[in-house]
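Visitor: Per TrEMBL, the feature domain 'UDP-N-acetylglucosamine 2-epimerase' maps to 77-415. Residues or ranges marked as Zn(2+) binding site by TrEMBL: H536, C546, C548, C553.
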Amino acid sequence: MEKHPGSLCINPHPLNIWKTQEVYSLRMLRSREKMERENMEEHNQSKKRLRVCVATCNRADYSKLAPIMFGIKSHPEDFELEVVVLGSHLIDDYGNTFRMIEQDDFDIGSKLHTIVRGEDEAAMVESVGLALVKLPDVLQRLRPDILVVHGDRFDALALATAAALMNIRILHLEGGEVSGTIDDSIRHAISKLAHYHACCTRMAEQHLIAMCEDHCRILLAGCPSYDKLLSTHHREDYMDIIKSWLGDKVQERDYIVALQHPVTTDIQHSIKIYGLMLDALLSFNKKTLILFPNIDAGSKEMVRVMRKKGIEQHPNFRAVKHIPFEQFIQLVCHAGCMIGNSSCGVREAGAFGTPVINLGTRQTGRETGENVLHVRDADTQNKIYHALELQFGKRYPCSKIYGDGNAVPRILKFLRTIDLDEPLQKTFCFPPVKDPISQDIDHILETQSALAIDLGGTNLRVAIVCMRGKVVKKYTQPNPKTFEARMHLILKMCTDAMRDAVCLNCRILGVGIGGGIIHHNELVHGSTFCAAELGHIMVSLDGPDCSCGSHGCIEAYASGMALQKEAKRLHDEDLLKVEGMDMKLSEPITAAHLISAARMGNSKADAILNKASTALGVGIINILHIVNPSLVILSGVLASYYQAPVQRIISERALLSAQSIKVVTSDLEEPALLGAASMVLDYATRRIY
């Protein structure tokens, strides 16, 4: 092609045009793939990192929160840590304890001065109000995914209130505990605001469930401070720490740690107890490390009492505002005794076996080890002095009621499972009440039902049973010979039933299997919902093998499967059939053939049935002697045969108190299936907390 000056030269060759387009398309494809990869990586990274805000209000809660903060900080690939400090941390009179947070190398995102001085009830209320005024700006700036709040302080209540109103998820530590005073009310209020719970003891977990909290959002973690104190309390330099606080002459287990806080619901009485404690300690004449009380209402008056008695100048006393937690652990661990009403006495001190004297009602209801001696009515100096004489210098077994040293890994694992896409609105698991007048279309269209399973000797049966006791649909299959095949078939039948339940507008609440004991019109479920395994009561030490792996169970003698096995044995030995007995060659041998043979004079069949009846009767007598019911109901195809022999055995062998109990057969159409279904329907619809 001829080229002219100022003209654009284009090669019209189609192959070159195609190659140019191919290269361009390839580059665009690679560019798009790169962008998608980068977006995916960015998405994964943002999805993995949970922004956790830990808010600490005082020296006590920091000892519980610090281990969690260290754990979060050590996993930057999973978490982003924000720290907010408020409350007495920022007050000089209480040691300016925010400095220990900085010494632990945590970046403090916000410091909020929220304490209104006065140390009375009004000042506490005003402090909560001041915190509520200042917190929204901080939370809006930090935008945490979850806020970690500890315990039962009024500062923590302000934190939880602000976070809940700003739609920030809350993890509450140490909820569900009971301790007395206003702390209980505050702690439970925070639990109701919180979305997730990490509690310390099994009892606390049960309290939260009883408070209608969702058990799926409750973690039984243990106390985080135990992670630190159990790993560090065996320090070789503990005597150096003790002497640095109490002098060179002090000996291990020859000093006292005292820590008493005001009781805000009875301030004057708590001040009186504090004075009596100081008088008793002065008389006891032992080196004493006494910590200033917390900032609750009444603390100012307690400090006045301490100074009036000259405690700060007394040679036996060392009064301090704050001790680093690691050193405080050593001091409590090796003390001759701890006295006061601090939660540390009933919690952490138990891990060391340190003797504790708990004064007053502030810790009433706390779970404690045997190391704690309560002086709840501490109304005289002599009573407290006598408690010191009893406790000082003793040693008790170490208690791990509040933790095993693995709380932090559990809490971090729990945090990783939090799904931020879940609805923020928390729900409560209230016990059932009277049905409301209003209705829901889904409830109108569906029927609450249960799957019932009957493991018969000949057949396996599964049924959909509705709340009214009607069998909506039933499935029957021959019972396979092997355990594996039997379990596979049960699962398949249940799967088929669940699928059909959807088409039948039946909502399956659960699956029921087994026998039952009814007490006061209630099914007895047992601790693991396995009560009434009546078929596996042993009636002989060396009886036939049972499917459960044991020997001599009722089931091994008297079940349909056991009788079928005996019938087949007689048949194989040509000892089953008698003259006049109708048996088809193609017909499978069952327990019915054994009963028929016995009724027609077969002595061997009759002997087998007598042994089975005796085993069943003896087993039922054992039950009668334990639970003393008013009636025995037999069900199933063998019930009519067993009724008379079992009644006779009871009248001959049972105690006089049980001989008159009647044995009847069920007249229900499907008693085994209905009984199994009732176990589910009863529990699912009438749960009692």
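Positions of Cβ are set from backbone N, Cα and C atoms, glycine also.
The structure displayed is predicted, hence computed values, not measured ones.
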Visitor: Please work out the number of neighbouring Cβ atoms within 10 Å of the Cβ of C553 (Zn(2+) binding site), leaving out its own Cβ.
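Guide: The answer is 27 other Cβ atoms.
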Visitor: Under 8 Å between C-beta atoms and at least six apart in sequence, can you list the same-chain neighbours of C548 (Zn(2+) binding site), or say none if there are none?
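Guide: In sequence order, the residues whose Cβ lies under 8 Å from that of C548 (Zn(2+) binding site) (at least 6 apart) are H536, E555.
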Visitor: Determine which residues of the same chain, besides H536, C546, C548, C553, have their CB within 8 A of the center of the CB atoms at the recorded Zn(2+) site, and list them by sequence.
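Guide: Filtered neighbour residues, in order: G535, M538, S547, G549, S550, I554, E555, A556.
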Visitor: Once the chains shown are all counted, how many other Cβ atoms turn up within 10 Å of the Cβ of C546 (Zn(2+) binding site)?
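Guide: I get 19 for this one.
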Visitor: To what whole number does the mean pLDDT across the domain 'UDP-N-acetylglucosamine 2-epimerase' (77-415) round?
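Guide: Mean pLDDT, the domain 'UDP-N-acetylglucosamine 2-epimerase' (77-415): 93.
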